[in-house]
Amino acid sequence: MPGVANSGPSTSSRETANPCSRKKVHFGSIHDAVRAGDVKQLSEIVCLHWLLWHGADITHVTTRGWTASHIAAIRGQDACVQALIMNGANLTAQDDRGCTPLHLAATHGHSFTLQIMLRSGVDPSVTDKREWRPVHYAAFHGRLGCLQLLVKWGCSIEDVDYNGNLPVHLAAMEGHLHCFKFLVSRMSSATQVLKAFNDNGENVLDLAQRFFKQNILQFIQGAEYEGKDLEDQETLAFPGHVAAFKGDLGMLKKLVEDGVININERADNGSTPMHKAAGQGHIECLQWLIKMGADSNITNKAGERPSDVAKRFAHLAAVKLLEELQKYDIDDENEIDENDVKYFIRHGVEGSTDAKDDLCLSDLDKTDARRPSKNCRASWSMNDYVEKN
């Protein structure tokens, strides 16, 4: 139990020569029970639950100030975390650096453990002694899954630490490109990334240069952020892309239906409105674009289709929608039904001047459509008569 000097398993718990005659392992503290690890071990040797049932002190701390919850968060022991929460463990307890179990789960990339703690109602924006929040730790250590989860749970990515660093500064400093891209996409404006300086007067470009993070530098230079107000420029040149990016379906409909933009219009980087909507996970915009016949197989300059962009930003519903559409397109191209008139409408030659609607006209419509042709023949006969006389 807590407070026992020798916290390791007792010598009497060692296995004998006969593998069938094993003795139970007795742990000196709840910390050793959590260190034991996976769920099978926990159930087989009756450790954590046994200690909890017998009144083990879940507030006991190590020399670093770690409680059992801290160790479970570090090791990603989901079952341990659940058991500790059910027994009233304090998830706001701070260690010597001011870190809570939430900070440590984000540091070590245990997103499922992190989600269990978030569901218990713990504050996701708690700070340590350096004013780092869990999002700062996730960005600094390149834990994209944890970072996305924390943002989904409402954590702000515009909170600064004691040095004025945003999470995007920390991602740039450590060269975590995927986290950097995700944070850039979630900032309130594209230019805010370069305009944000920490207390040392450094922005993301300065930090990437100082720590020789070439991948971050190449991304910034390739995207041409420096010295340009991309938001204003894009709003003027590609209003449809901006509407799709913001999820403004009403504006997008108006622009397309009024003929202001083409539904597959491509921006300077080769992206279409569907790319923009997919990158932000705007399902309603995507559904409307698909209904209007937007091409989901167009790639941008990075070689990404809309489904690839949705994958990059972890919008799973958008990925599913677009991949099902692409699967349908592939099957549709392989199966030709000569008796299906609508097949030829869907697969009409691009730029053809033929009226594809004529294929589905009723008999009355076809009769009406031939009337102008009769008038033309009558006028030709009259012209011939005039020329002869």
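Using N, Cα and C of the backbone, Cβ positions are placed for all residues, glycine too.
Annotated in Swiss-Prot:
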{"type": "COMPBIAS", "residues": "7-19", "note": "compositional bias 'Polar residues'"}
{"type": "REGION", "residues": "1-21", "note": "region 'Disordered'"}
{"type": "REPEAT", "residues": "25-60", "note": "repeat 'ANK 1'"}
{"type": "REPEAT", "residues": "64-93", "note": "repeat 'ANK 2'"}
{"type": "REPEAT", "residues": "97-126", "note": "repeat 'ANK 3'"}
{"type": "REPEAT", "residues": "130-159", "note": "repeat 'ANK 4'"}
{"type": "REPEAT", "residues": "163-192", "note": "repeat 'ANK 5'"}
{"type": "REPEAT", "residues": "200-232", "note": "repeat 'ANK 6'"}
{"type": "REPEAT", "residues": "235-265", "note": "repeat 'ANK 7'"}
{"type": "REPEAT", "residues": "269-298", "note": "repeat 'ANK 8'"}
{"type": "REPEAT", "residues": "302-332", "note": "repeat 'ANK 9'"}
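Of the ranges 64-93, 235-265, 302-332, the one with the most Cβ pairs under 8 Å to the repeat 'ANK 5' (163-192) is 302-332.
If one looks beyond the repeat 'ANK 9' (302-332) by at least 6 residues along the same chain, the residues whose Cβ comes under 8 Å of a Cβ in the stretch are 148, 178, 181-182, 185, 269-272, 274-275, 277-283, 286-287, 290, 296, 346. With helix defined as DSSP H, G or I and strand as E or B, the repeat 'ANK 4' (130-159) counts 16 helix, 0 strand, 14 coil.
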